[in-house]
Ligand SMILES: O=c1nc[nH]c2c1ncn2[C@H]1C[C@H](O)[C@@H](COP(=O)(O)OP(=O)(O)OP(=O)(O)O)O1
Ligand SMILES: [Mg+2]
């Protein structure tokens with residue numbers, strides 16, 4: 001991901017904290033943030049807004065010069081540090097201005113990380129672009145060591161601007177066409193790595209459409225959207241679930257159009273219906289006004305009074321299939337049931353969450369049938385006890401997908417949802 005940072009609010013921070021060394025808090029924030037970025041695998045490159053020509057013209061004088069110098073020095077320092085891993089860093093600012101504050105070629109030669117992707121550029125606004133175009137026929141002799149200008153470098157994915165101002169100013173206008181913009185409610189010096197993590201987490205759940213309509217709606221039934229009809233969004237972070245649900249809703253509900261949103265929604269502790277209600281209301285916020293479907297799936301061991309239940313995800317992640325099996329060692333009863341609770345909410349003014357439950361009995365066994373194409377999650381350790389000879393005594397992972405969708409907890413819950421939807425949509 002290419003991250004843009006606009007460190008806004010340094011001067012206001014100074015007014016609020018007159019005893020602080022000028023710009024020191026903003027400078028530490030810059031240093032901290034860049035080194036934090038280098039520890040985040042998801043962040044491949046960072047464009048940092050140092051100072052634009054527009055900025056300098058509007059706010060001439062010591063203040064701006066000092067801020068630029070301080071931030072650049074901080075950047076230099078952070079580049080001098082051994083970063084956790086190479087990070088393509090790019091500072092955007094006005095070249096002549098920067099030249100006055102730091103020895104520019106120095107910046108280039110000091111950093112092993114600066115390459116053509118992170119060379120400082122002065123094209124951030126239309127006036128910059130015009131100025132640069134006018135020099136194309138005769139490159140300025142004063143800057144022979146600068147790398148060539150790339151007018152359209154790789155686009156930004158996410159731009160973060162703290163400081164209570166919700167605009168781009170002249171930052172990367174050409175590269176920000178489809179960037180997501182976030183404006184944390186604090187001044188730059190108060191923006192912490194934890195806040196950055198929170199923004200990145202939220203960004204991860206954002207469906208990016210790049211100006212288009214996103215993924216083609218996958219249709220159920222006849223497929224075509226009727227006039228005025230909205231598609232229903234299934235919100236889940238789990239691809240295995242999505243695949244099954246697409247197939248489960250592919251018929252039986254005329255006119256239903258299922259789209260999907262990849263989002264890991266917050267999950268409360270509580271009973272499954274409660275979890276699903278909260279999950280459903282959280283999903284509404286992501287679905288842009290569409291009705292939403294969410295589900296929560298539990299795996300309940302009878303010997304343990306129904307645990308791990310909705311918490312199976314965390315148990316599975318922590319101890320794996322072998323660990324789930326070991327939890328039942330010492331008990332004779334290895335029976336279990338899988339349960340899916342589906343939540344549906346029409347959205348808009350209607351906040352009622354309709355809840356449907358499906359359950360399938362089975363028992364916990366040593367993993368069978370996992371691997372390529374062999375189910376997901378705890379499928380390999382759940383041996384089904386229901387259905388017919390294609391499903392009884394067979395783990396979900398060993399089963400044909402069509403067979404799982406005949407007997408599974410999910411199929412039963414979504415079967416009830418389908419009956420409900422067929423009633424409300426006709
Ligand atoms: O049919 C299934 N067969 C095997 N494993 C399954 C199944 N269905 C869910 N699972 C796993 C996924 C997760 O480890 C836990 C449920 O947690 P759960 O919160 O419902 O799922 P999730 O977090 O993966 O997706 P979501 O974004 O919809 O919450 O059991
Ligand atoms: Mg979940």
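Positions of Cβ are set from backbone N, Cα and C atoms, glycine also.
The ITP binding site annotation in TrEMBL covers 236-241, 279, 296-297, 376-379, 404, 409-410. Residue 279 (ITP binding site) carries a helical DSSP state (H, G or I).
Cβ neighbour count for residue 296 (Mg(2+) binding site) (all protein chains, 10 Å cutoff from its Cβ): 25. Secondary structure at residue 296 (Mg(2+) binding site), taken from DSSP and collapsed to helix, strand or coil, is strand. Sequence annotations record features per position, and here TrEMBL assigns Mg(2+) binding site to 267, 296.
Of all the binding-site residues listed here (267, 379), the one with the fewest other CB atoms within 10 A of its own CB is 267.
Spatially close to residue 240 (ITP binding site) yet at least six residues away along the chain are 375, 376, 377, 379, judged by Cβ distances under 8 angstroms. Most other Cβ atoms within 10 A: among the binding-site residues 236, 238, that distinction falls to 236. The separation of residue 267 (Mg(2+) binding site) from residue 236 (ITP binding site), Cα to Cα, is 12 Å. Listed in sequence order, the binding-site residues among 240, 267, 377 whose CB lies under 6 angstroms from an atom of ligand 2 come out as 267. Around residue 409 (ITP binding site), a 10 Å sphere centred on its CB holds 27 further CB atoms from the protein chains shown.
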